[in-house]
Structures are given as C-alpha cells and as structure tokens.
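The region 'Disordered' annotation in Swiss-Prot covers 130-166. If you look up Swiss-Prot, you'll see 167-235 marked as domain 'HMA', on the strength of sequence analysis. The metal cation binding site annotation in Swiss-Prot covers CYS180, CYS183.
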Amino acid sequence: MKAGMFYCASQASTATANGERTVTARAIDRHNPIIKDGRRSFTAPCSSGDDYVAPYRQLSKITRVPSSSGDGKSVQVDKGRRSNSGSLMKLISYDVSLARKSFGCVVATPKTPPGSTRYLLGSDPVSLAGSTGQDTVATEESEASAPKRGSSGPVEEKKKSSGSGSDQVVVLRVSLHCHCRGCQGKVKKHLSKMQGVTSFNIDFASKKVTVTGDITPLEVLGCLSKVKNAQFWTPPPPSIPRANPET
C-alpha cells in the first residue's frame, strides 16, 4: 500500500499553517540572545513606565553621552566636573602667584640711596658709622702701635750699649796638644756656637785661649770643659758686695 500526502487548498487550512509558522518563529525569537538584545528592540515593552528598568548598557549610554531629551543629570555631572577642574586650576594659579609675590618680597630688599633722609636718619647703622668709624679704628691702631715702636727702641739701644760697654775678656788654660788639629777644630766649633762671643784667640804654644764678648767666665769655662780640660788662667777676682749707703 502506497502512502500519499494530501494537501488542502482551503483558506482555513492555509491560515492554520501560517499560524503555526508564526508561532514557531516567535518561539525561536524569544530564545535567541541576539534578537533579545536591547539595542535591537526599538519598541518599548508593554509594561508601565514606572516599572520599566533600562538595561545596563542603556544606562551607561545615558550617563556617558548626554542626549537632547531630558538627560539633565548627565549634563549636571559633566558641568560639576568641569567646574571642579576650573576651581582647582584657579587655586593652583593663585598659590603660584602668591608664592612668587612672597619670594619677591623676601629677596628684593629695599635699598636707600646715600642722599636720602632715611639713610641719614639711621636706617642703616653700618652706613652711619661711615668713615668716622674707620678713622677712629685707624687712630686707635696707630696709637697702639706707637708705644710698641717706642718700647722697641730702648731695648735695642740697651743691647747695643750692653754689647759695647759690657764686653769681657776671659783667659783660660786648656790642655791642647801642639800637633792635634782636631782639638783646635773642636774648640773653635764650640766657641763659634756660643752666644755673646765676638772674638777668640787660641795659642797652642802656651795653651792659652782668650775669649772676648758679652759673656761670663763661668759660661766660657763650662763650654770648653765639654771638649778639653780647662781652667782659668788667673783666678777671677772675688765679687765684693757693695756697701749700702743708707746704713
């Protein structure tokens, strides 16, 4: 038995077939995520306007890009941001100008000309001192240096007078050998280093050493005793104490 397909050409049958097709198409659209996207839906839902909640993407669009129809909040946010940035820039510029003014006040010190009344009335104490202070300092230094120079004069004169009038002649007997040149060199070396000695003479034959200068006999004896045995040629006269005229 052969199976056959029968088609009905009536209007009722075609209506039912179209309805079934639309029903299946609606069911597919309802479950399709691409078609369900809010950006593709141009018609508002059938629910009331109070209960309608816009999708997240639409909310982001509203806040980011202000539209012409009733987006006052987004415009206010942008204006607030702009106003905040403007006030911040004004504050920064004001602080910079204030810092410049204060720096200029600190660095730039007012200078008074020498001929002004402030300069003459004592605004600058160092300038008031002027040349008078320098003159007084110079005079004080000259006065202080004058007695020093005057005092050095008598000291030098005393040295000259003592060197000329108080020279003593000391004669010693030194154990010198006639053929020993080393002994003679040692004696000459010690006498030349001795302070106050102006001249000396060595006689090998008589073993006599004569020393002249601002010295004492004991100093010469102590100096030559370091080299050779020495003694006074003639014993020095004993020092006689002077009598006090008041007694």
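Just so you know, glycine gets a Cβ as well, placed from its N, Cα and C.
Using a 10 Å radius centred on the Cβ of CYS183 (metal cation binding site) and all shown protein chains, the other Cβ atoms total 18. With DSSP states grouped into helix (H, G, I), strand (E, B) and coil, the domain 'HMA' (167-235) comes out at 22 helix, 23 strand, 24 coil. Summarised as a single figure, the pLDDT of the domain 'HMA' (167-235) averages 81.
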